């Protein structure tokens, strides 16, 4: 067996934490060799040093006791915030899928310090090649820009737009996705997420502009030479013109007028969303022509040239729609590009901070407050006969920019009894919850062709307990018993509290999990 290669250490500074972080590329500083490691590059960015990975793995101890691996990204972020220099030590561990550089204090690794999978690399290379061929004046891969808070996987500069591409092979929490989306959009980029997750497993990306391609076994199939037209199975919507009274896919098949929201048709023509690709009229001059349905290259080119724009559907999910119908859709249904590109900001924790090394405290914008005021208005208590006239509902209190949500004392339903719970608040919460369940059912219909039947909730006072109010919600012929707290879930949902907030069939769940549990999905048939 050949002996391992020898290295000549490069003399480093007197103190490792006196390193100027702006002189590096936000990687990991390997003190014994005096070099910067780039975990996402082949050979950690040093192909001239074979066996470097094995040397780092075996050079124990790591962490603060060994003082061998220093997080340069944390040091740069500290410098950006005007904080004094301080060392942030790391360890090198074998993860379930690949080795990772982890912070000594247990915080999750930076995405920039996580080695990429072959699928991630293949999709990233294809995205960069597509934008280059589509006429981008500049395409950069894994490149930082001045004052940017995140580094996109691919950055393309077009004649009209700058587009940041994020490849997401593994699942993330919606909070982490929103944090990345906000950071990238803050730099002025239009962001597009690309994932190879199965169409039934992309719920974590629903609130950001995304494109989902099929999950293929061989990463080489994602290359353009192997699959010239890579189908996109989720993330885009086209429109067809129909007379008022047509079934509205975005509203669960409702035939209400999309403008007046009345059951009586207005008699005019409207644009209705459809997944029928024949309703789409592609640009004949596109570098990547559209096939039987919009494919990845065609959509990426259209995003760069502003022929596709992101649109938020009812505050629940975001999709790409053709620019040719964008103004008409906004005129009938409202919305804007800004609302679609900026999901609700990740809320601060009870302690007042967010992720230690990456985020600063954020305040809600006027648009966010208006969205919350409209979405969570007090509703008619469910199970009670509705009034003959529509009441003038006043907006429920929401956190203000001067008093952020993390400064409010919150009940944690599911962990303790709710005192002084109000039926009106519980009914308003239940109305929002039922709408979320129906939206989840629409998603299942879109991606699987199976439409869960969601009925109307019925008030069940016999189920009330500990300040929680009971309803029975029939879904697919099964009665789901929902216990809803009579407290303002708006403020609770705007925090990072991980405690369950309501009960479904006797089990305590957090909001998003409760929505999924209320929609029983039958197993797939093979």
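Cβ coordinates are placed from backbone N, Cα and C, and glycine is handled just like the others.
All annotation found in TrEMBL is predicted automatically rather than curated by experts.
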Listed range which TrEMBL flags as region 'Disordered', given the options 380-402, 403-425, 426-448:
380-402
Write down the single range among 304-333, 334-363, 454-483 that appears in TrEMBL as region 'Disordered'.
334-363
Secondary structure tally of the domain 'Competence protein CoiA nuclease-like' (116-196) (DSSP, helix then strand then coil):
29 helix, 21 strand, 31 coil
Averaged across the domain 'Competence protein CoiA nuclease-like' (116-196), what pLDDT does the model get? Just tell me the whole number, please.
86
